[in-house]
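**Q** Quick one: the structure is below, questions incoming.
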Amino acid sequence: MLGVSLGARLLRGVGGRRGQFGARGVSEGSAAMAAGESMAQRMVWVDLEMTGLDIEKDQIIEMACLITDSDLNILAEGPNLIIKQPDELLDSMSDWCKEHHGKSGLTKAVKESTVTLQQAEYEFLSFVRQQTPPGLCPLAGNSVHADKKFLDKHMPQFMKHLHYRIIDVSTVKELCRRWYPEDYEFAPKKAASHRALDDISESIKELQFYRNNIFKKKTDEKKRKIIENGETEKPVS
């Protein structure tokens, strides 16, 4: 009897530990899955400064990158690189580019830089690989469709890591300007420094404004109308 009792106790002990290990494994697996889903919701914010907008002849001279979560909280600040370009290209820029890039100090910084386009792509690709899963997170920015053209051409490996969709703040801006002009009047004004990192920060703040003052407000109004009409709010499918 003693042997059976001891054996039973031993089996129960092993089974209990297995149960604990199994529960821990499920818990850790769920946490990992939740973390993966959260990372998939991140946004890759990019801003470029170029020598112009002609995709056939102009080049990238500055690039910055920030990562936010879906609520627009900044999670990581990536490289902010000045990319070397030949003096002939800088000399052939439009008067607008010469004025603004000269005033901001960017033209001088480009002439002094030793960073190549290939080195820049490697740095940015390494950064986004650390912060986002492949193929799931969209490119975000202001008029970012223009940046995307240059990135597709000059940094294809970087772009392959991102989702094919984009989040363009300028689209939201133009819709709000037309649909909610009273609210749009209070949108944050851009300082127009024409430096990549400053422009990204301004774009994030601008989208935060639209989210907090227009998207949220309209959602709250809809909920109030549903309650006033005595309707049951339908769950989102």
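For all residues, glycine too, the Cβ spot is worked out from N, Cα and C.
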**Q** Do you know which of LYS160, LYS173, LYS189, LYS205 is annotated N6-acetyllysine by Swiss-Prot?
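**A** So the answer, going by Swiss-Prot, is LYS173.
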**Q** Same Mg(2+) 1 site as ASP47, GLU49 according to Swiss-Prot: which of ASP198, ASP199?
**A** ASP199
**Q** Could you check which of these recorded positions, ASP47, TYR122, ASP147, LYS173, sit within 10 Å of ASP199 (Mg(2+) 1 binding site), going Cα to Cα?
**A** ASP47
**Q** Do any residues at least six apart in sequence from ASP147 (Mg(2+) 2 binding site), in the same chain, have a Cβ closer than 8 Å to its Cβ, and if so which, in order?
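**A** Listed in sequence order: VAL46, ASP47, LEU48, LEU139, GLY141.
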**Q** Within 10 Å of the Cβ of TYR164 (site 'Important for dinucleotide binding'), how many other Cβ atoms can you find? Include all protein chains, please.
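**A** That number is 10.
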**Q** Expressed to the nearest Å, what is the distance separating TYR122 (phosphotyrosine) and LEU53 (site 'Important for dinucleotide binding') at their Cα atoms?
**A** 23
